[in-house]
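Peer 1: Please find one structure pasted underneath; my questions will follow.
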Amino acid sequence: MVKEEQESANRPDNTAFTQQRLPAWQPILSAGIIIPGFVIIGLTFIGIGVALFVTSKSIQDMEIDYTGVETDSDCYKCTNTDEKNCVCRLDFNIPTLIEGPVFFYYGLSNYFQNYRRYGVSKDDTQLSGDLDNFKTPSDDCSPYETDDTFVLYQNLNGSNQEVPFDGKGIAWWTDYNVKYRNPDVTPLKDAFEGTVKPPFWSKPAYELDPTDPNNNGFINQDFLVWMRRAALPDFRKLYRRISQDDYARGLPAGNYTLQIGYNYPVMSFKGKKKVVFSNVSWMGGRNEFLGIAYLVIGSWCIVMSIVMLIVYAKFKFPEED
Amino acid sequence: MFEQFRRVANFYFLIIFLVQLIIDTPTSPITSGMPLCFVITVTAIKQVEVDSIHATIECEQPQPDLYKFVGRINVYMDNEPVARPLGSENLLLRGATLKNTEYIYAVAIYTGMETKMALNYQTKTQKRSAVEKSMNAYLVVYLCILISKALINTVLKYAWQADPNRDEPWYNDRTEPERQRHIVIRAFTDFLAFMVLFNYIIPVSMYVTVEMQKFLGSYFIMWDDEMFDEEMGERAVVNTSDLNEELGQVEYVFTDKTGTLTENNMEFIECCVDGHVYVPDIICNGQVMPGATSMDMIDTSPGPGAREHEELFFRALCLCHTVQVKEEETVDGIKHGIHQGKSTSFYISSSPDEVALVEGMKRLGFTYLRLKDSHMEILNREDEIERFQLLEVLTFDSVRRRMSVIVRSSTGELYLFCKGADSAIFPRVVSGKVEQIKARVEHNAVEGLRTLCVAYRPLSPAQYQEVCHLLNGAKLALQDRDKRLAEAYDVIEKDLILLGATAVEDRLQEKAADTIESLHKAGMKVWVLTGDKMETAAATCYASKLFRRNTQILELTTKRTEEQSLHDVLFDLSRTVLRQIGGMTRDSFSGLSGDCTDYGLIIDGATLSAVMRPAQEDSNSGNYKEIFLEICRNCSAVLCCRMAPLQKAQIVKLIKASKEHPITLAIGDGANDVSMILEAHVGIGIMGKEGRQAVRNSDYAIPKFKHLKKMLLVHGHYYYIRISELVQYFFYKNVCFIFPQFLYQFFCGFSQQPLYDTAYLTLYNISFTSLPILLYSLIEQHIHMDILRKDPSLYRDIAKNSLLRWPIFIYWTVLGVYDAVVMFFGVYFLFDNTTFTSNGQMFGNWTFGTLVFTVLVFTVTFKLALDTHYWTWINHFVIWGSLVFFLVFSLLWGGIIWPFLNYQRMYYVFMQMLSSGPAWLSIILLIAASLLPDVLKKVQMYAGFGYVPTLMDNADKLYKGQLSEFTPMASLHAPSKAGRHRRGSGNQRNAPNPRRSAPFHKKLMFTRWRRTPDYRTFAPLLAFADGSRHSKQGRAYGGTGPGTSV
């Protein structure tokens, strides 16, 4: 009797888990599943691809370089870094209406905003409004914002009509309202006392936007846009939206002049500067990649399913003889 | 070699940690240095004072062998020291219980770390599995990749920066101290920074996961109810979890015979005295006369001399043993008990043979009663008690293969009784009916019975004095005691007079033959290593189907080498074997692999030591080992008889060191198997009747030999599949993880900018992708258990570490790189100078990284899901759960301004990303694109997926529904390789044996499959991997179809 009890004590638990016999679903990829599966996936992808491609095609995107490399360009004079507060003009023509709302971007290329040392050269506590870190920011703090300014005129019957820009909501809502905070000091100027204006900034931080007191210091929208580091060395950033008055429907065809406050030298590192007029759709700006990629993957699935069908047919049926 | 790798790994981790300036030491490799302390030999003598009795004990330095102890006690009686020997029989180990006495005097000799237990704990050598070796090779490859990545990036960085404008654009100039630093130092710092950035490619967490997998996985072996033996109440024991996967890689099985293949439940069959055969009656009614069941050999009128010999023989067997009598008040042990008045008693001994012999004697009328006051009492046929004084016991050892006792009869005559193996007795016999007894012994051996010979030697008092002197001298020696004792025994046990022989039967274990057959089918070579006589062992081998009727037996025994020189015999045999192999290949090419013979080799200990002897000056002796190995390689079964324990280990070592480095497994139950269990890659102990030494020294222990089948074919197979996927997957997922980061360096000015946020970098391996693979590696079953057991040839699919070969490793790595490229450039083109939100806002670099990371986590998890063949609810829970965890974590991580962080770069990044339609679309697209090649490969691997349903239909009928859970993996492998083997081997082995009909059906089924090779052109990688396997096995199994020539 004692022996039997010992046996049962030593006996392993006879459960489905310990005996590795848990009920399980064991999927089998058979032809009946794979071929229709591939066809369905392929067709879906092609459908999405076509939709994306067509949408992308309908988006207008106009890019104008204003670096001033060519000597005949009006901005050539500004490439000289000794020139302070240089202003140059850029004339261009819009052949067809760009439907609104139109977004006005500035772009830089060959500019490594994603450089690691550049990335760490900011002080988040300072930017979120902590006064202690003002005069003693973390060691390598040097955000060099581009400070070019733009004013757009449409040439109407010989006179230039200024196109109104809307600078609100160009940065992320959370950046503007939560992440970045100005110090709790009024006037804002006092908080910045004893700090140095960053190089190539034409105005001190607390006077970036004289028209709107809530658009100054660290919550200046242009500053916020700049502070969201671009992922790649060629990038564009949103500058303004054109959605007001006569231009609510878009930028009509015609001649335009862009007046540029050229403050930001890029020639030294062979950079390029440009402005972009673009409208967007539900899928954002013009990008044919996604549509094409969907088409490619979708057609590949279809091709594979056809190949499989042939193989299946060829080798299955003779077997039945 | 391995330790080197291990240290490389440890060193690497250490460096990385140091570079990161995190003070945290990884596990140190000092454990391997510890055993050195014990290598220093036993020289110094320790002195212990015994208080209550005035005595001193001298003993050796602590040593790990549990069964060895040499010491001497000097008891002072009237200040006169009297020296007594102390041996292992005087040493009480942990767990000893006191019997038959109220108290004893004892002295603690070794304590703490000096105890044998502690010494054994540390000195047990670590065995490493083949998988771990591959793992380390891969690790080195990845280390090289890592270093070259860092180097490439460093070099490119400086090449790129050669342009001064790029070196220091004004928006990004260096600080003054940086500028002054020497370029070499700067470059080196950069190199280290890249190393830190890419270090995640070495899966640190893999080691942790592998350890966990092994530890937790070993529980399934212990929990296995089918490996539980009700009779003994024992279940499988796992002593090392390091070798689970090695169980799936075994190529050679070395098995002991007695107690492993056989029950070790001895039954006395007969004895033979001077040519007279005595068979005890089964129904024992106290007195059974030998005449009743006598054999033809009995001389009808035994002379008075014969009568005397007979009496002496029975007494010898009653006296020459170390059996103890255990008396029990209960009436339990009727079977074993001897009825003597009220009390019942039964015999206990470390050797079942002895019990069988003593019980046999009882049935022949001579009952051993007890050992009392060093007198042995025997109840003879006339119910008289005879008393013999036991003077000396010359204990049994497996080298001498005999034991002796010296007794003084009541009449004062002195006898030495000796019993032992025939080979140990015959050379020492001077008289007796040697020829008749030898004939009988051989006859019995052929029947598969275990034989022992009994001899005696009368001693004169003077001779006895000499013997005593010799023995005492040897026993008291502190150095070389064993050697001196052996010499003394050698001198004493000579000039014997042969009395007779005994035969004891040891039945085969249940299902031993079935197990051996399965092992054969699984492609393993089974060697039986035994100390028994050749004939006995051969009979067992036939009974256990190790040798079949059509097996051609090659003999390499002393008998043959006496006729021819060893040299000639070896060359003869190798020629026979090789000719046949050549013929077989031709046969199988012509499609008629009809009468292929498989070979069985029998070799004995003496010949083996001749073969193993190191090269001498005469010509070719150095090649003997090679030729011997060549012969063995071509034999499906080998029987080594007359082996000393050390020779067993030598054989294992020899095979281990042969040029293919096969994985060996040794299985045994006794102390004499310990050396081979320790030597083999995997050592398995059987919980037998000869103590637990084998169990204690083994890696795994099972109650019965039959459990080996499930252990290897099911558990071994599963663990191998599981861990190989684990290893490959880990490397794969880390390539996927880090390669985009490498690519990103090309777009951020080689500035070591991380692509992913720190939280993602840290948690990727720890929590986002760790649990699904751990769970997979614990419960994946690609083929149903019952099928694995029914079809042992599936075991061949994973032979030779086939899932961790370089082509497969390269496939995984290439797949990882491909996925990484798809993910990185997919997102890159999506970000290409455009917005992808409908409000025109732009995304930054962290959104870029997060998008890549999201695709990455989903892709690697889905990849594992694709590989999973066995979806239990736990799999669903863990796989989908870990994805949900990733999403929840990301939402939380980006949703809150975390007060303890000094940066908030991830704030709202994830949510913003999800608010964009194209981001969703690109996630779906990139996941699909990453998985597509693997899905296609899988589809091709099903090579004519159209066949799967066909197979299922047939299989259902054949296996009566059991194959309904047949998974595609099985069907994939079965036709391409196993099927081919089966066709070849099935014909060879099964054709002459029509009883086994199951393979016949399968053959039918697989002939349909042989067209499939045409598909294989679609899967060049796979075909390549398979091709290498085919070519290896091509010689043995021939190219049976056009498909092998891929």
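Even glycines carry a Cβ here, placed using N, Cα and C.
Per TrEMBL, the feature active site, 4-aspartylphosphate intermediate maps to B:ASP256. The ATP binding site annotation in TrEMBL covers B:ASP256, B:LYS257, B:THR258, B:GLU354, B:PHE396, B:LYS419, B:ARG450, B:THR530, B:GLY531, B:ASP532, B:ARG642, B:LYS648, B:ASN672, B:ASP673. Per TrEMBL, the feature Mg(2+) binding site maps to B:ASP256, B:THR258, B:ASP669, B:ASP673. Positions annotated as domain 'P-type ATPase N-terminal' by TrEMBL: B:1-32. Annotation source TrEMBL lists domain 'P-type ATPase C-terminal' at B:695-939. What TrEMBL lists as region 'Disordered' is B:974-998. If you look up TrEMBL, you'll see B:7-23, B:137-160, B:191-210, B:809-831, B:843-865, B:877-901, B:907-932 marked as transmembrane segment.
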Peer 1: Would you mind reading off the Cα separation of B:PHE396 (ATP binding site) from B:ASP673 (Mg(2+) binding site), to the nearest angstrom?
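Peer 2: Approximately 16 Å lies between the Cα of B:PHE396 (ATP binding site) and that of B:ASP673 (Mg(2+) binding site).
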Peer 1: Need the DSSP three-state call for B:ARG642 (ATP binding site) to compare against my parser.
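Peer 2: In three-state terms, B:ARG642 (ATP binding site) counts as coil.
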Peer 1: So which one is it: of the binding-site residues B:THR258, B:ASN672, which has the fewest other Cβ atoms within 10 Å?
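Peer 2: Per-residue Cβ counts within 10 Å for the binding-site residues B:THR258, B:ASN672 bottom out at B:ASN672.
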Peer 1: ATP site residues B:ASP256, B:LYS257, B:THR258, B:GLU354, B:PHE396, B:LYS419, B:ARG450, B:THR530, B:GLY531, B:ASP532, B:ARG642, B:LYS648, B:ASN672, B:ASP673: biggest Cα-Cα distance, Å?
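Peer 2: Result: 24 Å between the two most distant Cα atoms.
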Peer 1: In terms of Cα spacing, which of the binding-site residues B:ARG450, B:ARG642, B:ASP669, B:ASN672 are within 10 angstroms of B:ASP256 (active site, 4-aspartylphosphate intermediate)?
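Peer 2: Matched binding-site residues: B:ASP669, B:ASN672, sequence order.
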Peer 1: Counting Cβ pairs under 8 Å to the transmembrane segment (B:137-160), which of B:191-210, B:809-831, B:843-865, B:907-932 comes out on top?
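Peer 2: Answer is B:191-210, with the largest number of Cβ pairs below 8 Å.
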Peer 1: Between B:ARG450 (ATP binding site) and B:ASP673 (Mg(2+) binding site), how many Å separate their Cα atoms?
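Peer 2: Spelling it out, the Cα of B:ARG450 (ATP binding site) and the Cα of B:ASP673 (Mg(2+) binding site) are 18 Å apart.
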Peer 1: Please report the three-state DSSP label of B:THR258 (ATP binding site).
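Peer 2: The three-state answer is coil.
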Peer 1: Per DSSP, B:ASP669 (Mg(2+) binding site) is which: helix, strand or coil?
Peer 2: coil
Peer 1: So if I exclude everything within five residues of the ends of the transmembrane segment (B:809-831), which remaining residues of that chain have a CB under 8 angstroms from its CBs? That is, six or more out.
Peer 2: 134, 138, 141, 728-729, 731-740, 743-744, 747, 843, 848, 851-852, 855-856, 859-860, 918-919, 922, 925-926, 929-930, 933-934, 1021, 1025
Peer 1: Can you give the mean pLDDT for the domain 'P-type ATPase N-terminal' (B:1-32), rounded to a whole number?
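Peer 2: When the pLDDT values over the domain 'P-type ATPase N-terminal' (B:1-32) are averaged, the result is 45.
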Peer 1: Sorted by position, what residues of the same chain at least six away from B:GLY531 (ATP binding site) have a C-beta under 8 A from it?
Peer 2: B:THR258, B:SER398, B:ARG401, B:ALA421, B:CYS641, B:ARG642, B:MET643, B:ALA644, B:ASN672
Peer 1: Taking each of the binding-site residues B:PHE396, B:ARG450, B:ARG642, B:ASP669, B:ASP673 in turn and counting other Cβ atoms within 10 Å of its Cβ, which one has the fewest?
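Peer 2: So among B:PHE396, B:ARG450, B:ARG642, B:ASP669, B:ASP673, the binding-site residues given, the one with the fewest Cβ atoms within 10 Å is B:PHE396.
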Peer 1: Can you check what DSSP calls B:GLY531 (ATP binding site), collapsed to helix, strand or coil?
Peer 2: coil
Peer 1: CB neighbours of B:ASP256 (active site, 4-aspartylphosphate intermediate) within 10 A?
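Peer 2: Within a 10 Å radius of the Cβ of B:ASP256 (active site, 4-aspartylphosphate intermediate) lie 30 other Cβ atoms.
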